[in-house]
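Read through the structure below, which is laid out as structure tokens, and then see the notes.
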Amino acid sequence: MQPACFDPVLIANASPIASGSPSISTAKTEPSADAIDASRTSSVSNSRPDILNENGMSKIKFFKEGISTPPDASPTSRLSGSPVSAYPTYKPGAVQASTPVPPPRMGFSPPSNGTLLQGSPFSGGMSPPPGGASFMMYGGETPGARTPGAYTPMAFTPTGYTPGSYTPGGPVKRANSGYALDASGTNKAHSGTPRKFGAPVASPSSRRRTESKKPSTRIDPEQVPRPVGQPEAIKEEGGKVYETNKYHVPPAATAVCTIIDRGSASCEFIRSTVNQVPAFPSTANTAHVPMAVICQPFAELTAHEAEIPCVDLGEPGPFRCSRCKAYVNPWFTWHNHGKEATCNFCSQRVEVPQEYMCSLDERAQRRDKEERPELNRGSVDYIAPSDYSEAPPVVPATIFVIEVTQRSLQCGLLPQVMWTLRSLLGFMEPPSSKIGILLFDHALHFFAFYPGLDCARQITVSDTEDPFAPCGADALLVDAEDPAYRSQIDTLLDELPGMLCAEDLAEQAAGCAALKAATELVGSRGGGHVVMFHASLPNSGIGALRHRDDIKLASEPEGGGLFNVQQPTFIEEIGNDCLVRGVAVSVFCAPATGIYIDMASLSRIPRRTGGEICFYPGFDPSRDGERLHYDLSRTVVQSSVYSVMFKLRVSKGLAVDSMHATWDPEVIDPSTFAVSRMSVDATVDFTLVHGERIEGQKQAYMQVACLYTSKKGKRLIRVHTLQLPVTSSLSNVFRYTEIDTVTNLLLKQAADSALSGNGSFKDKLTKACVDMLHAYRANCASMTSAGQLILPESLKLLPLYIGSIRKFPAFRAGSDIKVDDRIVSLIRSLGLPLALTSPLVYPRVYTMHPLSEKAGTPTGVGDNVFMPPTVAGSSEKLATDRIYLIDNGISLRLYVRANVDQETLYQVFGAESLQDVAVILSAPEDYVESLSEEAERMLACVQQIRRERWRLPWQSFYVVLPGTPEESRVLASLAEDRAGAESAYVDFLCHVHKLVQNKQD
């Protein structure tokens, strides 16, 4: 077996060292030149998927030939160039996996030669003291030394109902601005505004459809409401402009637009399901439309939108109501020459402090209103007074904790992470650029950085039952942009993967021990971010997890107990400690295909602390490297905030009933929570109820207040105030309801129920849909025929969306979906940003070949291009000789159908076979001469979607070929088709119609 390439040159006692340099012995060994050379990876061409060393062992290829360092930010790829300049650009082929990795053993046996744990590349053949720690240094004996070295993703059949055969009792019609179909399936407008969105679109492939027959129903499938048609092109930079005091219903969450704050907070930060609040509890109860607000308090703003102003009022802090503690906002009213104010939330009259007093004009408005952002803007930041926090804020630091087992190296996770971290250097803005690196296998391997050294010191802690940081945070967490440390970090990240050898790596992973040590290290300096990378189940050391995946258990609706965490005491202690110290944990998991990694346990602390949860089953850099690169880049670079205290206040007559987010609310108060970190995507839903009548008020108010620490170490208070009109009209409640916010709330309620083991959430979803449609039918369209199904215009897509949610793989019980996949999907749903709701629930399908005349060509506005029209999300609508782009908000899939002829492939892509299409589009910049104009326009459409969603997580692009497992997953994602035990869209609509009729009777 090849000797280790990290050489043990320092041995210290087992007691932790509080700070400074470890005590040093004279034991030192020098690596041979042969050992160093053998440990490095060769520069190889991209023609072969693997390379074998002299022993026949498959080795990782770190950098593609000719790419010795990670790229700069200049995009060169037609598909890989990020639309966000703050992130480094991914380079396809820079990292490649070796041959498939065998699944890790569930147990561990010591080597037959009797030596202790020689599988570690860091042990160097040495046996660490039993129960103690060994400290090793690489690159010199003292801080002044300069010793060079080498780093080397039962059918649903209600009683009396048969899918596809039910005939509704009468025509479906529109009334009172509702949506309807008559008995022949023809759309007719009886009153209200004619339907635009979702208008019937003749399928271009109708003559070619042969897959299946139309369902036998009196509703024409071509006429049912669906979000398809021609996407509207962007007509000006930044999109259409909306002012918050002028729209009755905010623009769609997916719209490209510019929001101007005119006193009420932007819909990008806070939205309501109902944009006119019912004045009476009876009105709300009759409508059955859930009252809720969806808050995304740190959403990114576009370049065309004004930044949130920051107000410094000194130690007295912001002016607040003395009773309800609401912050001053544009709707406080002023009296007595500016000496008194009335709170718009609780109507309390309060005295104005002397330092905040100002005279009033003839309209009883403060004369300084235009000069004070808090009096004319709906969103504002305050510099928090010192008494708002128990300790002074610190600049958050980030430590990357990476698994270095056989699985991690051979699958390409380790080199991909190192490559991305190396490319991120220069993109992290000081002072939030303090980073540290901790590797783990059966032991923990820290790296200390001291000025004057060429290389970082490696310090190994072998005691994984009581892990600790071997030296102070000043040495383990350093500024990556500081010239005193930059060269050491560069060298470590460049050369570390190349010097590891797969045959020397252990199969044990002390991941929980590494987590404990890292959280304590970051917590000791006042807070920050721990980013964990797992390739296998943490199976050794404190908090070790056992393999418990069982098909019989996983097939149960409640997960058979697999949704519960292992080591609950250990995880609870770390989670509580992280919340107290302001430490967030993110986890990136890349298990082998089909191998259990226990996401229920590994995701628990990230959920509680506001970290990211990223999952890459069967990780392969050629397929998943781009996604991991941008996920990690976004996690590190984005303007996330730390040590957050959150409070939602509502005006008199309303109350907060429940909260839905990945973290937990306060036990006593569902309107309040504390979390270690909130990202720019962090979203939380609050359901509201009436505490009493809203009498004598024309407006209702909601106010979000977040106390947080910015990445620059400032303690701030962010305040968003939303104003909504009050109505006593049931028709207005329906007219101004927003479908995306309602769907987002219902989805999160279902995910919450599923994670808690409540298996009745599907029935609750259907009941919520039926209750709303029946309320509208009975109270707003009572003059229509009793047999008609009436859909309110604002909720006409609700049956489609509910039927689609019921088909989510995460909500299905069975052996066809792994429990880890279910857990991750449910957590994603629970934290879903509003802008991702619509495409995730109903994936958009674009026809890519043949392209429409304008599709993919410039609009004349910036870099934008025209998009092709979308077709219905049903396999019946997909011609077998065409190419489609399927967008579900998470990924983009170019689906090449089975009967696309070879001539078309050659003319469009220069490909001689279906397999060549995937190869060419994986790196289109290498095949410029073979790509036709139509192919270039296809790629321009892909980039247009990414450009419009630059504020959301990166969407990876895949080519899906016929006859592959991925094709089955794509077809299963089409929202209108039957999926497993769930009905097709038209059948589900008929079922909903019957339930509404039954409720009327």
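We count from 1, first residue shown onward.
Glycine residues also receive a Cβ, built from the backbone N, Cα and C atoms like all the rest.
Predicted automatically and left uncurated, TrEMBL annotations should be read as such.
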Checklist line | region 'Disordered' according to TrEMBL, located in which of 65-85, 107-127 | finding: 65-85
Next item on the list: List the helix, strand and coil residue totals of the domain 'Zinc finger Sec23/Sec24-type' (318-356) as derived from DSSP.
Entry: 6 helix, 11 strand, 22 coil
Next item on the list: Could you break down the residues of the domain 'Sec23/Sec24 beta-sandwich' (642-727) into DSSP helix, strand and coil, giving a count for each?
Entry: 0 helix, 54 strand, 32 coil
Margin query: Across the domain 'Zinc finger Sec23/Sec24-type' (318-356), what does the mean pLDDT come to, as a whole number?
Written below: 95
